[in-house]
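What follows is one structure encoded as structure tokens, with my remarks underneath.
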Amino acid sequence: MSIPTTQKAVIFETNGGPLLYKDIPVPKPKPNELLINVKYSGVCHTDLHAWKGDWPLDTKLPLVGGHEGAGVVVALGENVTGWEIGDYAGIKWINGSCLQCEYCVTAHESNCPDADLSGYTHDGSFQQYATADAIQAARIPKGTDLALIAPILCAGITVYKALKTAQLQAGQWVAVSGAAGGLGSLAIQYAKAMGYRVVGIDGGADKGEFAKSLGAEVFVDFLSSKDVVADVLKATNGGAHGVINVSVSERAMQQSVDYVRPTGTVVLVGLPAGAKVSASVFSSVVRTIQIKGSYVGNRADSAEAIDFFTRGLIKCPIKIVGLSELASVYELMEQGKILGRYVVDTSK
């Protein structure tokens, strides 16, 4: 298979600096890596944070962002087994991990202190050819629509793992805060597929219609609601058994502590820069609530999330634009104007 020496990519040299759509060299895979011809990549809020550099974790610079890349394997490192040229593969947030530390050996690879992060510490999927550790790369069944599955590789895996973290039972209520965004739109669908009842929370009538079209039974509009907490408590007859916070609003996260049901679980997923959540010790103990963080997922979570998609249970509401338009997608993201998920076509 012919592999070019240069490719189109979006790269930035300083945090917050110009997003340059330009030719850069095609990377060569290390002995343990795949070289993947990325066809499509989802665009995530994490990519925005990586560009801005506003998280307490340094990025590599210069950097090619992106960590929801779906494509075709075009080259194998000399030590790679179990993959073939032409296989479909996905680039996830966890590009690689040590596989030897206490976290890796207990299936918590995302907590590995030496984890290599796509589009953050490792050049990611906003390029036509990208490398990924062969063990961590996601296996995608051949024939899959690569544009539609791209958001599953981070957003889907992340919300699926968060729902597992909430430890709910079929028929129980789960509130999805940030319901109309890229993660929220998938969280609603995974929750329905897992047998849960969904309260979607977001701002705007259009977002309410969108959330309900995906399966939300109830929608609470924080723009028109006089009391979000009271509305959720009423809709769920006592509070949500679980809350999936994919919103990037600190206030929304704080409210979730108050509308979660006694014995329920608040799951924190979204990562607004500098945000904090406080909880009354007395109330937390007496109501027996749990507040947990959930950070992407392991290899098993990834395979399970992809399986839900390939069985037709999850529909990714996407809009496809060219990779060259990435800067405008970031602008829309900052303005909170995105329904579902934007996906970039690396050929444009």
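Cβ atoms here come from the backbone N, Cα and C positions, even for glycine.
Residues or ranges marked as Zn(2+) 1 binding site by Swiss-Prot: Cys44, His67, Cys154. In sequence order, Cys44, Thr46, Asp47, Ile91, Lys92, Trp93, Asn95, Leu117, Ser118, Gly119, Tyr120, Gly124, Ser125, Leu153, Cys154 constitute the residues six or more apart from His67 (Zn(2+) 1 binding site) in its chain with CB-CB distances below 8 Å.
When secondary structure is read from DSSP and collapsed to three states, Cys104 (Zn(2+) 2 binding site) falls in the helix class. Annotated Zn(2+) 2 binding site per Swiss-Prot: Cys98, Cys101, Cys104, Cys112, in sequence order, evidence recorded as similarity to another entry.
Residues or ranges marked as NAD(+) binding site by Swiss-Prot: Gly178, Ala179, Ala180, Gly181, Gly182, Leu183, Gly184, Asp202, Lys207, Val269, Gly270, Leu271, Arg341. Reduced to three states, the DSSP call for Arg341 (NAD(+) binding site) is strand. Other C-beta atoms found within 10 angstroms of the C-beta of Arg341 (NAD(+) binding site) number 25, with every protein chain shown included.
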| What count of other C-beta atoms do you get within 10 angstroms of the C-beta of Gly270 (NAD(+) binding site), across all chains shown? | 22
| request: Write down the Cα-Cα distance for Gly270 (NAD(+) binding site) and Cys104 (Zn(2+) 2 binding site), rounded and given in Å. | output: 23
| remark: Among Ala180, Gly182, Arg341, i.e. the binding-site residues, the one with its Cα nearest that of Cys101 (Zn(2+) 2 binding site) is Gly182
| query | So for Cys101 (Zn(2+) 2 binding site), how many other CB atoms are inside 10 Å of its CB? | reply | 16
| task | Enter the number of other CB atoms within 10 angstroms of the CB of Gly178 (NAD(+) binding site). | result | 27
| task | Find the longest CA to CA distance in the recorded NAD(+)-binding set Gly178, Ala179, Ala180, Gly181, Gly182, Leu183, Gly184, Asp202, Lys207, Val269, Gly270, Leu271, Arg341; express it in Å as a whole number. | result | 21
| request: Have a look at the binding-site residues (Cys44, Cys154) and report the one with the fewest Cβ neighbours inside 10 Å. | output: Cys44
